[in-house]
Amino acid sequence: MLPLPFPAEPTAHEQQFRRHALLAVVALSLATSAFGLLVAHPLNWGPGVTTGLALLTVKNVLFLLWLQVFARHYVLVGALHLLILGATGVYKFAQAVLVEQMVGGLGTYSYWLPLAYVVAFLVFPGRVATAASLGIFAALSAVVGVWLASGAGLSASQQSNSALLVQLLLSHVTFISFFVLFGLLQRRYVGALAAAQSEARAGYLDALTGVPNRRQLTLWLSAQLDGPARAPLSVILLDLDRFKQINDTHGHDYGDEVLRRTASAMGGVLRRGTLFGRWGGEEFLVILPGAGAAEAQGVAERIRQAVAGVPHDRVLQVTASLGVAQGEPGERMETLLRRADEALYAAKHAGRNQVKAA
């Protein structure tokens with residue numbers, strides 16, 4: 001027998017999709033049961049139906065609250081929802097067929113049985129969902145088999161009922177087959193979506209250091225400059241000293257390692273959420289919304305010390321020169337960066353391993 005085309009465990013993106021989908025199913029179930037409860041009395045559905053709808057409404061409310069408070073419990077909630085749907089549906093179907101002999105048809109609840117398959121494929125991985133669905137289908141088939149074996153299905157008056165039961169079973173086979181295919185398509189869709197999101201994120205990250213790249217930094221800085229000019233904005237441009245000499249002496253692989261360690265050192269000294277990344281080559285850029293020149297110089301000094309303190313096995317020390325510039329009202333991004341670059345080269349000309357402000 002060929003294995004079903006489903007991985008054993010859902011991905012994080014698929015788990016999120018399943019949680020949201022189950023939440024929608026439970027919410028819709030609540031809406032339908034509540035509506036049925038509202039119209040039960042005017043339509044004289046009887047106390048048994050009204051009580052059942054009331055219990056379903058309470059169950060759906062509890063499950064909805066459970067999912068809202070404990071989102072990670074979606075598998076447990078879905079399993080309970082499936083168990084109640086399947087067990088109740090099979091019981092009501094058996095009662096209508098074997099006890100009532102389909103005098104009133106197959107029972108109103110039997111029409112909701114396919115919803116159990118929906119829940120199964122939303123909550124569980126493909127193999128488990130298929131097994132659960134086939135279990136429900138086997139129970140329905142057993143009920144039909146018992147009815148046929150009793151001889152009731154052989155009488156002329158019951159031929160229409162036997163045709164109805166066969167059509168019911170065939171429709172459930174169709175439902176299950178559809179959900180198997182839908183589950184495969186859903187996994188491929190979620191996988192493609194996750195891959196697209198990953199590629200999109202990668203387009204804004206530097207592949208070598210893992211920090212934001214020039215494209216992302218440009219977007220951040222442009223957004224800050226285009227926003228309301230209510231607070232100061234400063235930038236820090238960092239350039240590693242004598243980096244070309246390190247590359248020429250120890251090779252580009254070692255130079256890449258120096259860049260990675262520099263990015264790590266900067267991330268360690270900067271506050272969480274600070275906008276920084278690799279500007280290009282051996283240059284890094286830090287964007288400080290709300291910081292004036294004096295505060296930015298203090299941040300730059302901490303960065304300088306952190307970079308100088310990074311241990312290296314082939315060189316004694318790697319230092320950096322940093323230029324600080326505070327944005328002026330209405331200043332363009334190119335002008336601000338040029339002033340930071342001029343301050344950076346002033347630090348280089350002053351002896352390197354220091355901070356200069358524009």
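Using N, Cα and C of the backbone, Cβ positions are placed for all residues, glycine too.
Noted in TrEMBL for the protein shown:
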DOMAIN    231-358  domain 'GGDEF'
TRANSMEM  21-39  transmembrane segment
TRANSMEM  45-67  transmembrane segment
TRANSMEM  74-94  transmembrane segment
TRANSMEM  106-124  transmembrane segment
TRANSMEM  131-152  transmembrane segment
TRANSMEM  164-185  transmembrane segment
Non-local residues, at least 6 beyond the ends, that sit with Cβ under 8 Å of the transmembrane segment (74-94): 15, 18-19, 22-23, 25-26, 29, 59, 63, 66-67, 106-107, 109-110, 112-113, 115-116, 119-120, 122-124, 132, 135-136, 139-140, 143
Rounded mean pLDDT within the domain 'GGDEF' (231-358) lands at 96
Please check if the transmembrane segment (164-185) comes into contact with the transmembrane segment (21-39), where contact means 3 or more CB pairs closer than 8 Å and the residues in each pair are separated by 6 or more positions. no
As a quick check of your reading of DSSP, tell me how many residues in the domain 'GGDEF' (231-358) are helical, how many are strand and how many are coil. 59 helix, 31 strand, 38 coil
